[in-house]
Amino acid sequence: MSKTTAHSVVAPTPTARRVSGAIVILYALITMIPLAWIVMTSFKTPPDSIAYPPKVLFEPSLEGYCNLFTTRSRQTPEYLESLPAPEPGCDAIVRSRNMVIAGPSNVIPRFTNSIIIAFGSTFLAVFLGTITAYAFSRFKVPFADDILFFILSTRFMPPIAVAIPIFLMYRAIGLSDTHLGMILLYTAVNVSLAVWLLKGFIDEIPREYEEAAMIDGYSRLHAFVKVVLPQAATGIAATAIFCLIFAWNEYAFAVLLTSGTAQTMPPFIPFIIGEGGQDWPAVAAATTLFLIPIFVFTILLRKHLLRGITFGAVRK
Amino acid sequence: MAEVVLSGVTKRFKTVAAVESLDLTVHDGEFIVLLGPTGAGKTTTLRLVGGLERPDEGSITIGGHDVTHAAPAARDVAFVFQQYSLYPHLSAYDNLAFPLRSPARRVPEDEIRKRVGEIAEMLRISAKLQNRATQLSGGEMQRVAIGRALVRRPSIYLMDEPLSSLDAKLRSDLRLELKRIQQDLGATILYVTHDQTEAMTMAVRIGVIESGRMIQLGTPREIYTAPASVYVATRLGQPAINLLPVGLLPDGGAPTGGKTVGARTENLRIAKAANGSANATVDWIEHLGDQNHLHVTVGDHKLVTLADPESDLAKGDRVSLSLVDPLYFDASGKRIAASGKARIPQGNG
Ligand SMILES: Nc1ncnc2c1ncn2[C@@H]1O[C@H](COP(=O)(O)OP(=O)(O)OP(=O)(O)O)[C@@H](O)[C@H]1O
Ligand SMILES: [Mg+2]
């Protein structure tokens, strides 16, 4: 190695790379502390979870998860003694608190509702958004600018501003507390975002590709599927994540419009606090579970997302 | 292969008429080259034939069928675009195979492999077939784009400056190759270029377009030796034709009405002269490698012609220039036939 090493102007030097890497890692660690705390709390016992000073080192316990997945009832010592010995696992943990498992909790149906509603509305919003954006991008739509502005204007006010009318409407037509109702609602909120994001991405795909495909013997629909969709994958993935995050986290409408059959996780989690004292480990366990699907979805689409959030600036 | 007929085709974009009452018949197996400056409507003409634009007026038939309103896929044409538009998410191989896999054709995969292999061999891109389209050089992309047309046997090949980003060697190789394909397969080709060598060597007929109108359509020889107007004459010839007022240089006698003389290299006789008979001065000599351009001043006018490599002319020399059988144009730029006695057989050039 000679002492003077040539390096290109644009590529960062090794030192710059290390420093910026360190900054990014430090920032990531700081922002992840609350998440780590939630996950840790979910493995604490209730006394540990409210200990002061807070415990960083503790003996892990599954009590939070047991409490999350079950409903329990307190029993008299005489009754407890009359029972056979508890099976190891949740049974034993619950028994040590002088309680017995009364049955499963609602967490699994609520979680399933969240999955159905969030993914269902994301799919619909992205599907509708893609074909709408394509139409605006490729065809002469009369009053295209005005319609696009109208679509965007549905996002000018916070969605919750229309909560009361929607509540009344839904009650009148029987969509309250239904999966369909929630899917339609979240789709309606997300589709404007999807149209605008995707139009940007599709505008950037030169028409020549479709023209070439149509000359090559494909119909427009076929050319759309074979040529446009693969190139819009980045944008579709980024849009899907934005839509999913909204639908997954949405709280206000869910509180107002769901109470049972279609209740999602966000309004369900606060309920856990009420059941039998302030059961923070159970809340933390629910939150941890709640994080997993978004986490997995984002990881799966990570490759696309990284390019997508630059909004097509670095496409090649 | 099939005959393609455009009759009275007009295409307007807002107020601009990109193509105006264009009549053109491409005979079965014919190679027609469209020449014209940028913005003349050449690309638009090809897009109209391909079905990517709908004409505002007129009709288009391919092989006797009226396709004026048919979808591109229904026309069975192949198109090489001016900006090579390879599918960036596919490999070079898949790009070449793409037309053969279309719902309209559905060629079996082993047949595809054979056809793609042959074409890749011919275009010398066999080694790059597995590359993503974005990992090819400009010239390689253009060859894949040409290949994507050549894997098919369409009624007509539409080619929009397909050789423009290739180096000189490859360009002349592919020129021969395209000409050979056209002759061997009897392919019908409508071809756009700015390169007059391509036009002269490949075309059966050349169509010269200006502002969306067909100005002249004829064999390369007709276009070169009997251009309809000044405009057509300036399209061909290297160096470009010199336009001079009649009477500036001695000629065999201009026809009545002749205002402008068009003189190409072969119409100019140049000789070193003593001061008395000299009418021009050598400005400078441009050495282009294969030829020498001689810049000459006659009065206020500058001329460019080819110099004999062996000539001993040098900058500042006084020379005598005369015209042999030049072209004459009237005041409106139309060519008029030379008067009879000036006809001197083209000889030693
Ligand atoms: N989609 C369009 N919208 C509006 N005007 C257009 C469109 N396509 C072409 N034109 C106009 O039509 C005219 C002819 O364009 P065309 O692309 O056919 O030219 P060309 O002869 O191919 O030029 P070049 O040699 O530069 O490729 C130009 O004036 C151009 O600006
Ligand atoms: Mg063009």
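Using the three backbone atoms N, Cα and C, a Cβ is placed for every residue, glycine included.
For A:21-40 (among others), the entry in TrEMBL reads transmembrane segment.
Annotation comment: TrEMBL describes A:111-301 as domain 'ABC transmembrane type-1'.
Feature annotation from TrEMBL assigns transmembrane segment to A:115-136 (among others).
Summarising the annotation, TrEMBL assigns transmembrane segment to A:148-170 (among others).
What TrEMBL records for A:182-202 (among others) is transmembrane segment.
Taken from TrEMBL, the feature transmembrane segment covers A:223-248 (among others).
Beyond the transmembrane segment (A:280-301), the same-chain residues lying 6 or more positions past its ends with a Cβ under 8 Å from any Cβ of the stretch are 35, 38-46, 49-50, 61, 63-65, 67-68, 107, 111, 114-115, 118, 237-238, 240-241, 244-245, 248, 265, 268-269, 272-273. Taken from TrEMBL, the feature transmembrane segment applies to A:280-301 (among others).
Counting Cβ pairs under 8 Å that are 6 or more residues apart, the transmembrane segment (A:182-202) and the transmembrane segment (A:115-136) reach 3 or more and are in contact.
Remote same-chain residues near the transmembrane segment (A:21-40) are listed as 56, 58, 284, 287-288, 291 (criterion: CB distance under 8 Å, separation of at least six residues from the stretch ends). Non-local neighbours of the transmembrane segment (A:223-248) in the same chain are 114, 117-119, 121-122, 125-126, 129-130, 134, 186, 189-190, 193-194, 197-198, 200-202, 205, 209-210, 212-214, 293-294, 297-298, 301, 304-305, 307-309, 312, 315; each lies 6+ residues outside the stretch with a CB under 8 Å from one of its CB atoms. Residues of the same chain lying 6 or more positions beyond the ends of the transmembrane segment (A:148-170) and with a Cβ under 8 Å from any Cβ of it are 136, 176, 181, 185, 188-189, 191-193, 195-196, 199, 252-253, 256-257.
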